[in-house]
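J.: Could you have a look at this structure, given as C-alpha coordinates, before my questions?
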Amino acid sequence: MNCGKIILLFITIIGVAKSREENCKCGWDNPSRIVNGVETEINEFPMVARLIYPSPGMYCGGTIITPQHIVTAAHCLQKYKRTNYTGIHVVVGEHDYTTDTETNVTKRYTIAEVTIHPNYNSHNNDIAIVKTNERFEYSMKVGPVCLPFNYMTRNLTNETVTALGWGKLRYNGQNSKVLRKVDLHVITREQCETHYGAAIANANLLCTFDVGRDACQNDSGGPILWRSPTTDNLILVGVVNFGRTCADDAPGGNARVTSFMEFIHNATIGETYCKAD
(Lines of atoms letter the chains of each structure in order from A and count residues from 1; the text may use other names and numbers.)
(Lines give C-alpha, C1' and ligand atoms only; values in the text may rest on other atoms or scores of the structure.)
Protein backbone atom coordinates (compact mmCIF):
# COMPACT_ATOMS: atom_id res chain seq x y z
CA MET A 1 0.00 0.00 0.00
CA ASN A 2 1.36 3.41 -0.98
CA CYS A 3 0.75 5.48 2.17
CA GLY A 4 2.13 8.59 0.50
CA LYS A 5 -0.57 8.51 -2.16
CA ILE A 6 -3.31 7.98 0.42
CA ILE A 7 -2.12 10.92 2.52
CA LEU A 8 -1.84 13.11 -0.59
CA LEU A 9 -5.37 12.18 -1.67
CA PHE A 10 -6.74 13.00 1.79
CA ILE A 11 -5.01 16.39 1.81
CA THR A 12 -6.27 17.11 -1.72
CA ILE A 13 -9.89 16.37 -0.80
CA ILE A 14 -9.74 18.55 2.31
CA GLY A 15 -8.01 21.34 0.41
CA VAL A 16 -10.64 21.35 -2.32
CA ALA A 17 -13.42 21.35 0.25
CA LYS A 18 -11.96 24.31 2.15
CA SER A 19 -11.46 26.30 -1.03
CA ARG A 20 -15.20 25.98 -1.70
CA GLU A 21 -16.42 27.02 1.73
CA GLU A 22 -18.30 30.23 2.34
CA ASN A 23 -19.08 32.12 5.52
CA CYS A 24 -22.73 31.13 5.43
CA LYS A 25 -24.59 29.08 7.97
CA CYS A 26 -25.06 25.33 8.00
CA GLY A 27 -26.23 22.69 10.40
CA TRP A 28 -28.46 24.78 12.65
CA ASP A 29 -31.64 23.63 14.31
CA ASN A 30 -34.59 25.62 15.59
CA PRO A 31 -35.35 25.15 19.32
CA SER A 32 -37.85 22.45 20.14
CA ARG A 33 -40.68 22.89 22.64
CA ILE A 34 -41.44 19.18 22.76
CA VAL A 35 -40.16 17.49 25.92
CA ASN A 36 -39.17 13.82 25.74
CA GLY A 37 -41.10 13.46 22.49
CA VAL A 38 -40.19 11.85 19.19
CA GLU A 39 -42.13 14.23 16.96
CA THR A 40 -39.94 17.15 15.93
CA GLU A 41 -40.95 20.76 16.18
CA ILE A 42 -42.17 22.25 12.89
CA ASN A 43 -39.06 22.98 10.76
CA GLU A 44 -36.82 22.12 13.70
CA PHE A 45 -34.32 20.55 11.28
CA PRO A 46 -34.04 22.80 8.20
CA MET A 47 -31.74 20.40 6.34
CA VAL A 48 -34.21 17.52 6.07
CA ALA A 49 -35.70 16.64 2.68
CA ARG A 50 -38.06 13.94 1.45
CA LEU A 51 -38.28 12.01 -1.81
CA ILE A 52 -41.81 11.31 -2.99
CA TYR A 53 -42.67 8.77 -5.68
CA PRO A 54 -45.47 8.06 -8.15
CA SER A 55 -46.27 4.92 -6.14
CA PRO A 56 -48.34 5.83 -3.07
CA GLY A 57 -46.96 4.98 0.34
CA MET A 58 -43.28 4.97 -0.63
CA TYR A 59 -40.93 7.60 0.71
CA CYS A 60 -37.26 8.15 1.32
CA GLY A 61 -35.44 10.80 3.25
CA GLY A 62 -32.63 13.09 2.21
CA THR A 63 -30.46 15.93 3.45
CA ILE A 64 -29.73 19.32 1.87
CA ILE A 65 -25.99 19.79 1.27
CA THR A 66 -25.93 22.62 -1.31
CA PRO A 67 -28.56 25.02 -2.71
CA GLN A 68 -29.31 22.44 -5.43
CA HIS A 69 -28.31 19.02 -4.05
CA ILE A 70 -29.45 16.53 -1.48
CA VAL A 71 -27.75 13.33 -0.36
CA THR A 72 -29.81 10.17 0.03
CA ALA A 73 -29.49 6.38 -0.23
CA ALA A 74 -28.75 4.79 -3.61
CA HIS A 75 -31.38 2.08 -3.10
CA CYS A 76 -34.03 4.82 -3.00
CA LEU A 77 -33.32 5.58 -6.67
CA GLN A 78 -31.59 2.63 -8.34
CA LYS A 79 -34.70 0.92 -9.72
CA TYR A 80 -35.96 4.19 -11.22
CA LYS A 81 -32.95 4.71 -13.50
CA ARG A 82 -34.74 3.13 -16.44
CA THR A 83 -37.53 5.73 -16.23
CA ASN A 84 -35.06 8.61 -15.77
CA TYR A 85 -36.59 9.25 -12.33
CA THR A 86 -39.83 10.50 -13.88
CA GLY A 87 -42.42 11.44 -11.28
CA ILE A 88 -40.01 11.57 -8.33
CA HIS A 89 -39.82 14.88 -6.50
CA VAL A 90 -37.72 16.39 -3.72
CA VAL A 91 -39.69 18.14 -0.97
CA VAL A 92 -38.06 20.50 1.54
CA GLY A 93 -39.42 22.47 4.48
CA GLU A 94 -42.00 19.81 5.29
CA HIS A 95 -43.35 18.60 8.64
CA ASP A 96 -46.79 16.99 8.27
CA TYR A 97 -47.08 15.64 4.74
CA THR A 98 -50.87 15.47 4.92
CA THR A 99 -51.28 19.24 5.20
CA ASP A 100 -49.55 22.42 4.07
CA THR A 101 -51.02 24.65 6.75
CA GLU A 102 -48.44 24.27 9.53
CA THR A 103 -45.52 25.83 7.61
CA ASN A 104 -45.14 28.26 4.71
CA VAL A 105 -41.81 26.98 3.39
CA THR A 106 -42.75 23.55 2.02
CA LYS A 107 -41.81 23.33 -1.64
CA ARG A 108 -41.57 20.53 -4.20
CA TYR A 109 -38.75 20.30 -6.76
CA THR A 110 -38.29 18.19 -9.87
CA ILE A 111 -35.10 16.21 -10.42
CA ALA A 112 -32.45 17.30 -12.90
CA GLU A 113 -29.81 14.63 -12.27
CA VAL A 114 -29.05 11.66 -10.03
CA THR A 115 -25.56 10.36 -9.27
CA ILE A 116 -25.50 6.90 -7.72
CA HIS A 117 -22.22 5.67 -6.26
CA PRO A 118 -20.49 3.67 -9.02
CA ASN A 119 -19.72 0.78 -6.66
CA TYR A 120 -23.16 0.57 -5.10
CA ASN A 121 -24.64 -2.82 -4.29
CA SER A 122 -27.39 -3.85 -1.91
CA HIS A 123 -25.27 -3.46 1.23
CA ASN A 124 -22.26 -1.36 0.25
CA ASN A 125 -21.73 2.21 -0.97
CA ASP A 126 -25.45 2.91 -0.59
CA ILE A 127 -25.33 6.64 -1.24
CA ALA A 128 -26.52 8.96 -4.01
CA ILE A 129 -26.66 12.66 -4.83
CA VAL A 130 -29.79 14.27 -6.28
CA LYS A 131 -29.64 17.58 -8.16
CA THR A 132 -32.86 19.56 -8.50
CA ASN A 133 -33.88 21.69 -11.46
CA GLU A 134 -34.33 24.76 -9.27
CA ARG A 135 -32.26 26.01 -6.37
CA PHE A 136 -33.64 25.78 -2.85
CA GLU A 137 -34.86 28.95 -1.19
CA TYR A 138 -32.78 29.17 1.98
CA SER A 139 -34.26 30.65 5.16
CA MET A 140 -34.15 29.92 8.87
CA LYS A 141 -36.52 27.03 8.12
CA VAL A 142 -34.76 25.57 5.07
CA GLY A 143 -30.99 25.27 4.80
CA PRO A 144 -27.99 22.96 4.49
CA VAL A 145 -26.40 20.54 6.88
CA CYS A 146 -22.69 20.79 7.65
CA LEU A 147 -20.50 18.15 6.04
CA PRO A 148 -17.76 16.58 8.19
CA PHE A 149 -14.75 18.33 6.64
CA ASN A 150 -13.21 18.96 10.06
CA TYR A 151 -14.03 15.52 11.47
CA MET A 152 -12.63 13.13 8.88
CA THR A 153 -10.74 11.03 11.43
CA ARG A 154 -12.96 11.48 14.48
CA ASN A 155 -13.99 8.29 16.26
CA LEU A 156 -17.73 8.53 16.97
CA THR A 157 -18.01 5.29 18.96
CA ASN A 158 -20.44 5.74 21.88
CA GLU A 159 -21.40 9.21 20.65
CA THR A 160 -25.08 10.14 20.49
CA VAL A 161 -26.48 10.79 17.00
CA THR A 162 -29.98 11.65 15.79
CA ALA A 163 -31.92 9.90 13.01
CA LEU A 164 -34.79 11.74 11.31
CA GLY A 165 -37.60 10.58 9.06
CA TRP A 166 -41.24 9.98 8.21
CA GLY A 167 -40.82 6.22 8.27
CA LYS A 168 -43.00 3.52 9.74
CA LEU A 169 -43.71 3.67 13.46
CA ARG A 170 -43.14 -0.09 13.69
CA TYR A 171 -42.05 -2.83 11.31
CA ASN A 172 -44.68 -3.20 8.55
CA GLY A 173 -46.81 -0.62 10.35
CA GLN A 174 -48.08 2.78 9.22
CA ASN A 175 -45.90 5.68 8.18
CA SER A 176 -45.59 8.66 10.46
CA LYS A 177 -47.43 11.69 9.05
CA VAL A 178 -44.99 14.04 10.78
CA LEU A 179 -41.21 14.23 10.91
CA ARG A 180 -39.86 12.28 13.87
CA LYS A 181 -36.48 12.03 15.55
CA VAL A 182 -34.73 9.37 17.57
CA ASP A 183 -31.41 9.48 19.41
CA LEU A 184 -29.10 6.50 18.88
CA HIS A 185 -25.56 5.55 19.83
CA VAL A 186 -22.73 4.72 17.47
CA ILE A 187 -21.30 1.24 18.07
CA THR A 188 -17.97 -0.27 17.06
CA ARG A 189 -17.36 -1.97 13.76
CA GLU A 190 -16.63 -5.19 15.64
CA GLN A 191 -20.02 -5.07 17.35
CA CYS A 192 -21.69 -4.53 13.99
CA GLU A 193 -19.78 -7.43 12.43
CA THR A 194 -21.37 -9.89 14.86
CA HIS A 195 -24.73 -9.16 13.23
CA TYR A 196 -23.88 -8.57 9.56
CA GLY A 197 -20.40 -10.00 8.96
CA ALA A 198 -17.21 -8.22 7.94
CA ALA A 199 -18.13 -7.87 4.26
CA ILE A 200 -21.14 -5.69 5.09
CA ALA A 201 -19.94 -4.08 8.33
CA ASN A 202 -16.88 -2.58 6.67
CA ALA A 203 -15.12 0.73 7.25
CA ASN A 204 -17.67 2.58 5.09
CA LEU A 205 -20.57 1.67 7.39
CA LEU A 206 -21.60 3.60 10.50
CA CYS A 207 -23.62 1.35 12.78
CA THR A 208 -26.06 2.65 15.36
CA PHE A 209 -28.01 0.92 18.11
CA ASP A 210 -30.22 1.56 21.11
CA VAL A 211 -32.64 -0.89 22.70
CA GLY A 212 -36.15 -0.25 21.41
CA ARG A 213 -35.06 2.58 19.10
CA ASP A 214 -34.19 2.61 15.43
CA ALA A 215 -34.84 4.09 12.03
CA CYS A 216 -37.48 2.07 10.16
CA GLN A 217 -38.96 1.41 6.73
CA ASN A 218 -39.23 4.58 4.60
CA ASP A 219 -36.60 6.31 6.75
CA SER A 220 -33.99 5.20 4.20
CA GLY A 221 -31.82 7.97 2.81
CA GLY A 222 -32.48 10.22 5.78
CA PRO A 223 -29.80 11.85 7.90
CA ILE A 224 -27.80 10.63 10.86
CA LEU A 225 -26.76 13.87 12.56
CA TRP A 226 -24.05 14.47 15.15
CA ARG A 227 -23.77 17.72 17.07
CA SER A 228 -20.27 19.19 17.12
CA PRO A 229 -19.18 19.77 20.72
CA THR A 230 -17.08 22.76 19.67
CA THR A 231 -19.41 24.64 17.30
CA ASP A 232 -22.85 23.19 18.22
CA ASN A 233 -23.54 22.69 14.49
CA LEU A 234 -25.26 19.58 13.23
CA ILE A 235 -22.89 17.47 11.13
CA LEU A 236 -24.07 14.85 8.64
CA VAL A 237 -22.20 11.69 9.65
CA GLY A 238 -24.49 9.01 8.22
CA VAL A 239 -27.14 8.24 5.61
CA VAL A 240 -29.75 5.68 6.69
CA ASN A 241 -29.28 2.44 4.71
CA PHE A 242 -30.75 -0.66 6.33
CA GLY A 243 -31.73 -2.62 9.42
CA ARG A 244 -32.84 -6.18 10.01
CA THR A 245 -36.24 -5.10 11.33
CA CYS A 246 -37.15 -1.96 13.23
CA ALA A 247 -35.85 -1.62 16.81
CA ASP A 248 -34.93 -5.28 17.24
CA ASP A 249 -31.65 -6.53 18.68
CA ALA A 250 -29.66 -5.73 15.52
CA PRO A 251 -28.02 -2.37 14.77
CA GLY A 252 -28.94 -0.04 11.96
CA GLY A 253 -26.51 0.33 9.06
CA ASN A 254 -25.75 3.77 7.66
CA ALA A 255 -23.37 5.02 4.98
CA ARG A 256 -20.46 6.67 6.80
CA VAL A 257 -20.31 10.12 5.20
CA THR A 258 -16.60 10.66 5.85
CA SER A 259 -15.90 7.67 3.58
CA PHE A 260 -17.75 9.31 0.68
CA MET A 261 -16.52 12.91 0.71
CA GLU A 262 -14.67 12.51 -2.60
CA PHE A 263 -17.81 11.04 -4.19
CA ILE A 264 -19.91 13.94 -2.85
CA HIS A 265 -17.40 16.49 -4.14
CA ASN A 266 -17.26 14.93 -7.60
CA ALA A 267 -21.06 14.83 -7.84
CA THR A 268 -21.45 18.51 -6.92
CA ILE A 269 -18.64 20.17 -8.88
CA GLY A 270 -19.14 23.91 -9.09
CA GLU A 271 -21.15 24.14 -5.87
CA THR A 272 -20.01 25.78 -2.65
CA TYR A 273 -20.57 24.45 0.84
CA CYS A 274 -21.31 26.55 3.89
CA LYS A 275 -18.81 26.08 6.69
CA ALA A 276 -19.40 25.72 10.41
CA ASP A 277 -18.49 28.85 12.37
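Including glycine, each Cβ sits where the backbone N, Cα and C put it.
As annotated in Swiss-Prot:
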SIGNAL    1-19  signal peptide
DOMAIN    34-269  domain 'Peptidase S1'
DISULFID  C60-C76  disulfide bond
ACT_SITE  H75  active site, charge relay system
CARBOHYD  N84  N-linked glycosylation site
CARBOHYD  N104  N-linked glycosylation site
ACT_SITE  D126  active site, charge relay system
CARBOHYD  N155  N-linked glycosylation site
CARBOHYD  N158  N-linked glycosylation site
DISULFID  C192-C207  disulfide bond
DISULFID  C216-C246  disulfide bond
CARBOHYD  N218  N-linked glycosylation site
ACT_SITE  S220  active site, charge relay system
CARBOHYD  N266  N-linked glycosylation site
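For the listed features, I'd like the structural context: burial, neighbours, distances.
T.: Under the three-state DSSP scheme, C60 (disulfide bond) falls in the strand class.
Counted within 10 Å of its Cβ, the other Cβ atoms near H75 (active site, charge relay system) come to 20, all protein chains included. DSSP classifies H75 (active site, charge relay system) as helix under the three-state reduction.
According to DSSP, N84 (N-linked glycosylation site) sits in a coil region rather than a helix or strand.
For the recorded site, N104 (N-linked glycosylation site), the DSSP three-state label reads coil. Less than 8 angstroms from the CB of N104 (N-linked glycosylation site) sits no same-chain residue that is six or more residues away.
The DSSP secondary structure for D126 (active site, charge relay system) is coil. D126 (active site, charge relay system) has a Cβ environment of 28 other Cβ atoms inside 10 Å.
In this chain, none of the residues that are 6 or more apart from N155 (N-linked glycosylation site) has a CB less than 8 Å from its CB. Secondary structure from DSSP puts N155 (N-linked glycosylation site) in coil.
Residues near N158 (N-linked glycosylation site) in space but far in sequence (CB under 8 A, at least 6 apart, same chain), listed by position: H185, V186, I187.
Under a cutoff of 8 A between CB atoms, and with a sequence separation of 6+ in the same chain, the neighbours of C207 (disulfide bond) are V186, I187, T188, R189, Q191, C192, A201, P251, G252, G253, N254.
For S220 (active site, charge relay system), the Cβ neighbour count at a 10 Å cut-off comes to 27, with all displayed protein chains included.
In the shown protein chains, 13 other C-beta atoms lie within 10 A of the C-beta of N266 (N-linked glycosylation site).
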J.: What does the structure give for the C-alpha distance between S220 (active site, charge relay system) and N84 (N-linked glycosylation site)? Integer Å is fine.
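T.: Computed Cα spacing between S220 (active site, charge relay system) and N84 (N-linked glycosylation site) is 20 Å.
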J.: In whole Å, note down how far the CA of N84 (N-linked glycosylation site) lies from the CA of D126 (active site, charge relay system).
T.: 19
J.: List the Cα distance (Å, whole number) between N84 (N-linked glycosylation site) and C76 (disulfide bond).
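T.: Given the Cα positions, N84 (N-linked glycosylation site) is 13 Å from C76 (disulfide bond).
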J.: To the nearest whole angstrom, what is the C-alpha distance linking H75 (active site, charge relay system) and N266 (N-linked glycosylation site)?
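T.: H75 (active site, charge relay system) to N266 (N-linked glycosylation site), Cα-Cα distance: 20 Å.
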